[in-house]
Ligand SMILES: CC(=O)N[C@H]1[C@@H](OP(=O)(O)OP(=O)(O)OC[C@H]2O[C@@H](n3ccc(=O)[nH]c3=O)[C@H](O)[C@@H]2O)O[C@H](CO)[C@@H](O)[C@@H]1O
Ligand SMILES: C=C(OP(=O)(O)O)C(=O)O
C-alpha cells in the first residue's frame with residue numbers, strides 16, 4: 001500500500017492538464033454493453049476505478065483493448081453476472097444493471113453495500129426499472145433481475161439520483177416506446193453519457209434538464225467518443241493554487257461545468273479567468289471563509305466539499321459547510337483537525353474558523369475526496385504531512401502526485417510501512 005509524503009509551504013506555479021472525467025468515463029464504458037459493433041473511447045483516465053470497470057466488462061463477456069487513454073470495447077458474448085468481489089470495490093458497477101436487462105433480459109449484480117460516505121442504497125434504480133417491466137429478487141447478496149423487452153414508462157425520481165438517472169437512461173435506449181425521466185439528475189456527466197448514447201444511435205431529448213425523454217430503438221451501433229474533462233479534478237487543482245498562494249494554468253478545463261465551484265472560490269477571493277483555451281487560477285494567499293451547501297447540479301457539488309473545507313481551514317473569518325447529499329461525508333474533518341484546523345461538527349454542518357497555519361502530521365485517507373482534501377492541506381501545512389491509504393485517491397485522480405510535483409509541490413509516493 002502506498003502513502004504520500006508532502007513537504008508543505010511551496011506555492012504551485014505552472015500548467016496542469018485536466019484528465020477525462022472518472023464519473024463520465026465509468027458509465028460510458030459500461031454503456032458500451034448496449035452496442036452492436038465496436039466502441040472506441042478516448043480520454044479515458046488511467047485510474048483504479050477504470051481498471052476495475054475494464055475487469056468488470058471483461059467478466060461480462062466483452063472483449064477489450066486499452067492503450068494509454070484509449071479503450072476499445074466489443075460486447076460480443078455478454079453474460080449477465082457482475083460478482084460481489086468487483087462490485088464491492090466500485091459502487092458504479094451497479095450501472096450495468098440497466099444495460100444488461102435491456103440487452104439480455106436478465107442481470108445478476110451484487111448489491112454494492114454501504115461505503116465510507118453513506119449507506120448509498122439503490123432502491124430508486126430498482127423501483128424505476130420495475131416500472132419498465134423488470135422484476136427483482138435479492139438472493140445471497142445479489143440482485144437478480146428479469147424482464148421481457150423493457151417497456152417505456154413515466155418515472156418520477158424522489159431524488160435526482162445521478163446513478164439512477166444513468167442506469168435508467170441506458171436501459172431506456174433499447175426499451176420499446178417512450179420513457180420519460182422526471183426529476184432526473186442534471187449533472188454534466190449525465191449529459192456526457194447522453195451524448196455518447198446519441199452518437200451510438202439513441203433518441204434522447206432533455207438531457208441536462210430535469211425531464212429526459214428517451215424513444216427506444218431496436219439497436220445501438222458502436223461509435224468513437226471522447227469523454228469530457230473532469231470538473232472535480234479541475235476544481236481540486238483550483239483549490240491547490242488557492243491554498244498554496246500560487247498560480248496554475250489549467251488546460252482542458254471544463255470551465256462552464258465548474259460555475260458553482262468558481263462562484264464560491266471567487267467569493268473567497270480567488271482570481272479565476274479564462275485566457276485563450278486555458279483557465280488561469282491564482283490567489284495572493286488572503287482568502288475569506290464562506291458559507292456553502294452541497295446540492296444536486298447546478299448546486300455546489302458534494303465531490304468538492306472536502307477540498308473547499310481544506311481551503312477554508314486557512315482562510316480568514318469563519319464559515320459553515322452543509323452537506324446535503326451524503327449523510328456521512330465528513331470523515332476528513334478529524335484528520336484536518338489533526339493538522340491544526342478549527343472545525344466543529346454538528347449533524348450535517350461543519351463550522352470552520354480559519355487558522356493562521358496548519359502543521360504537518362500523519363493523516364489517514366478514508367475516501368476519495370477526503371484524500372484529496374488531506375493532500376491539499378498538506379501542500380499548505382508547515383512541515384511534513386504523510387497521507388496514508390491513498391488507494392482511495394488512486395481510485396479517482398490520475399497521477400495526482402506526478403501532476404502536483406510538476407508544478408512545484410514537494411510530494412513523493414512511497415510504500416506505507
Ligand atoms: C460514479 C459517480 O458518478 N459517482 C457520483 C454519483 O454517485 P451516485 O450515483 O451514487 O449518487 P446519487 O446521486 O445516486 O446519490 C445521491 C443521494 O441519493 C441517495 N440515493 C441514491 C440512489 C438510490 O437509489 N437511493 C438513494 O437513497 C444516496 O444514498 C445519496 O445520499 O453522484 C454523486 C452525487 O453527485 C457523487 O458524489 C458521486 O461522485
Ligand atoms: C463519491 C465518488 O465516487 P463514487 O460514487 O465512485 O464512490 C466521487 O467521485 O467523489
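Each Cβ is built from the backbone N, Cα and C atoms, and glycine gets one as well.
The candidate list 91, 149, 278, 353 contains one residue that TrEMBL assigns to the UDP-N-acetyl-alpha-D-glucosamine site with 120, 121, 122, 123, 124, 303, 325, namely 91. Within 10 Å of residue 91 (UDP-N-acetyl-alpha-D-glucosamine binding site), counting C-alpha to C-alpha distances, fall the following of the recorded positions 22, 23, 115: 115. Comparing CA positions across the recorded positions 22, 23, 115, the one lying closest to residue 122 (UDP-N-acetyl-alpha-D-glucosamine binding site) turns out to be 115. Other C-beta atoms found within 10 angstroms of the C-beta of residue 124 (UDP-N-acetyl-alpha-D-glucosamine binding site) number 19, with every protein chain shown included. Across the structure, residue 23 (phosphoenolpyruvate binding site) and residue 124 (UDP-N-acetyl-alpha-D-glucosamine binding site) are spaced 19 Å apart at their Cα atoms.
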